[in-house]
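Asks: Sharing a structure, written as structure tokens. Questions coming.
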Amino acid sequence: MSTMPLFQTKVARVSYTRHITLLSLCLCNCISFADRTVIGITILPMQKEFGWSETTSGIILGSFYYGYTLTQMPGGRAAEIYGCKRVLILAVVIWSIATIITPIMARISFSALIVARVLLGIAEGAHFPVLALFLSLWFPSSERGRALTATFLGVEAGTLIALLAAPWITEVAGWAANFYVFGSLGLVWCLFSEAHLASHPHQHPRISEEELQHIVGGREAKPRGTSGLNVWRSILLSRSFWAILLAHGCFTFVMHLLALWMPSYFNKHLHVEMSSLPIYTVLPQVFNALISLAGGWLSDMAVQRGYSTLSLQRMACIIGFSIPAILLQFFWDVQNPTVGAALMCGVIGFIGLSAKCGHLVHLMDVLPHNVASALGVINTVGSIMGILSNMFAGWFIQEYDSWGGLFSILGVVLWAGMCMFLVLTAGTKPGTITGSTSSNKLSTSSTDN
């Protein structure tokens, strides 16, 4: 049986600039999520050192999203105006510095720590809108599913690295060393990307003409003459936009909570020692990466064989929401860490399909040229969900001491997200690999960067 290469080999033999761009974006995701995730481990020794309650810890974990909310829309629009590369490198410099100063701020005062976390969120807020614009500019529509999945491998990798390394670093050098190590990696990434990234394919000095034509020829035609006000009016009146917005809001409510509270669940509820935490927290992320990679690969293969993109995206949302929603109902009586880890592997493993093969890919199909601005709005809602979910988790555990009850509520949230996406995308004309336009695709315009 023949296997399909990650990207078309004819172009790949000529030049590899989009592959290097993909690698750089994947590494950026890795660093971003390591920087934001590491506090999920360090919060345990920090709680002991500073005497914080669960509610206070929830405020600290959620404070990142206060800043994250502020720059989603401005960050995406800045990338469309000034270029992806410039905005992304500036963001990484700022969030790396914010990570490095976190231990210093924590020892100054609780308020100073909140400032550092908010600053981290402000800088990282531009990340995903810029990433989405990079992918829409650098990859033809037939490769975006795999490209998005590949970049999201960095998300899992960064989370895995933080969960694996943080307990060891904490035992060897103390919890503060985690922030110094992971923050410094971001500055190294900036040096690499300054030399190898370009905002737009035609700006890259080493791209071949064949690869440039492959990228540009496989993108949707860019409509002209639509004013910015009319673009936003079209976006806000689009059923697809609201389907993505509501689905992503439910997705982020669950994922932000699980990402930061999973170590506490295993440590405090199932009594797993700090040194053993990686065994139980890393496996779910591995399953997430493997299932998402397989899903993206199979989805793009199906598209290339003529299956409708919308049908595949709806199926990804059904699988990505329903399986975790069912599994979340089985946490009530879990007392064994192995059973808890197995269930969490299913939850974290399948939930990523919705974003990486479902609603976020749908966004790039319906708004390919204004994806950064649209994703800015969507991620703003996701950031608000991150604030609410972490505050809610801290309050719920302190008030009711019921992890089973908390996870059951998350299951209901996922069912709601799946139903809203399916209802709002029902009846729309699916796009295909041949470039036919779906009925809900919007007329937009923006300046290539």
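Using N, Cα and C of the backbone, Cβ positions are placed for all residues, glycine too.
What you see is a predicted model, and the numbers here were worked out from it, not measured in a lab.
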Asks: Which is it, of 47-73, 371-397, that TrEMBL names as transmembrane segment?
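Replies: Per TrEMBL, the stretch marked transmembrane segment is 371-397.
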Asks: Looking at 114-135, 282-303, 315-332, which one has the highest count of Cβ pairs under 8 angstroms to the transmembrane segment (241-262)?
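Replies: The stretch I would name here is 315-332.
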Asks: I'm a bit unsure how to read this: which one of 147-169, 175-192, 315-332, 338-359, 403-424 has the highest number of Cβ pairs shorter than 8 Å with the transmembrane segment (282-303)?
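Replies: Comparing 147-169, 175-192, 315-332, 338-359, 403-424 against the transmembrane segment (282-303), the winner is 338-359.
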Asks: Quick one: do the transmembrane segment (338-359) and the transmembrane segment (88-108) reach 3+ CB pairs under 8 Å, ignoring pairs fewer than 6 apart in sequence?
Replies: no
Asks: For the transmembrane segment (403-424), could you work out the same-chain residues 6 or more beyond its ends whose Cβ comes under 8 Å from its Cβ atoms?
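Replies: For the transmembrane segment (403-424), the list is 239-240, 242-244, 246-247, 249-251, 253-254, 257-258, 265, 269, 314, 317-318, 321-322, 324-329, 331-334, 351, 354, 358-359, 393, 396-397.
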Asks: Any residues 6+ beyond the ends of the transmembrane segment (315-332) with a Cβ under 8 Å from its own?
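Replies: Sequence-remote neighbours of the transmembrane segment (315-332) are 247, 250-251, 254, 295, 299, 340, 343, 346-348, 350-359, 361, 403-405, 407-408, 410-412, 414-415, 417-418, 421-422.
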